[in-house]
Amino acid sequence: MMKFTKQNFFFLVGGMIIYVADIGVDFWVVSRYFCQGQYSWSILIMCFRGLSSIITQIFSYEWFKNDWEDTDTGKLKLVFLVHLFHCGIFIRYWFALKYGCQAAFKQTSSRGASEADPSNFIQKQAIDAVTDINMLRVFKTFLETTPQLFLQIYILMEHGITHFYQYAAIMMSFCGISLSMVDYQISLRKSLPDKDEFRVLSKFVYLFYKLLTITSWILSISLITLLSVRISVILLIFLWICGFTWTLKQHTTFCKSKKMEYLYRTVVGIILIFSFFNIKGRRTKVCISIYYATHTVVTLGILFVYMFWKPSIIKEICFTIVSILTILGLVLGIIFLLVYYSHFHPTTYCTPQAYSDEIDGVAGQKVRVKTGRFQNFLMQ
């Protein structure tokens, strides 16, 4: 197991600050749209945030319930009440800061020591606490941040009127997506056996791969939405059905209950609309090739539709800029994807044996160690 370092602790604090700032910016943008009489935009942003918050609270509480099976019901009732008021993430940040501070500043850990060792146990607690937060932030990113980024870009393209709060919302969305993607990969490398350390260069390559492909796809969807909102909605629903169906065929086992598993598969279907999501930890060269080949075909198809359906708009400078950014983002994103998978992606995938729930303890005794949720939750 890798160590939880001081740098990881400061990143955790920074992530919490950005999370709170993002909430503030969202309410600021909603209030501004509401004051301007743009009630539909305000309602849409609140719907994105509300849906994201409800789903993350559900998963957070279920994980607490699964982890605290042997604890008293009074403690769980208090946790349920906190999640009912949509503050569950702050409990998780409190635990993460508590364990993270102990692991980074007060504990020493040797890589070869047993997990039963107190110092390594604190390290594991800190890593697991941060991992849960980053998993929830992945859900939030694709349920709220990415759709809101799409909405803000669409508003700018449709109306051409810009305000500072719109740029603030777009910048916060980009920051949220960036931190979520990188922090997720850091947690993945720390939590799973046989994963290489996520170094600085690999972080940037992975970040550019994700950001560029997601941005290009959002611009493509914005263009088709400008052409026809109905067609855009039909396309998004069709893509979600394809993603959900593929998830069903993967027979995922992330949750303990069937209801939660279907909710998880529904969320994965939404994530797959915007970015590739590896849910089984297997080699995905064929799947990822089909995924981004489809994105390329759809993106080019949207641009060709504009050429034949609305040839007059091609002469507009705004359309030219957006088209160039869309194609450039897609091409560069795929280049970074190829570089990442060729040089920085872990070549050894985790096997079931790597997740053995027994380790050697004191005097050769076997000590039970709870496996992490990343065993059934992977995104490459």
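Cβ coordinates come from backbone N, Cα and C, glycine included.
Going by TrEMBL, these are the annotated features:
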type	residues	note
TRANSMEM	9-29	transmembrane segment
TRANSMEM	41-64	transmembrane segment
TRANSMEM	76-95	transmembrane segment
TRANSMEM	164-184	transmembrane segment
TRANSMEM	204-225	transmembrane segment
TRANSMEM	231-248	transmembrane segment
TRANSMEM	260-277	transmembrane segment
TRANSMEM	289-309	transmembrane segment
TRANSMEM	321-341	transmembrane segment
Intrachain neighbours beyond the transmembrane segment (260-277), with Cβ under 8 angstroms and 6 or more residues off its ends: 55, 58-59, 62, 138-139, 142-143, 146, 210, 213-214, 217-218, 236, 239-244, 246-248, 252-254, 284, 287-288, 291-292, 379-380
Intrachain residues whose Cβ lies under 8 Å of the transmembrane segment (321-341), provided they are six or more past its termini: 157, 202, 205-206, 208-217, 219-220, 222-223, 285, 288, 292, 295-296, 299, 303
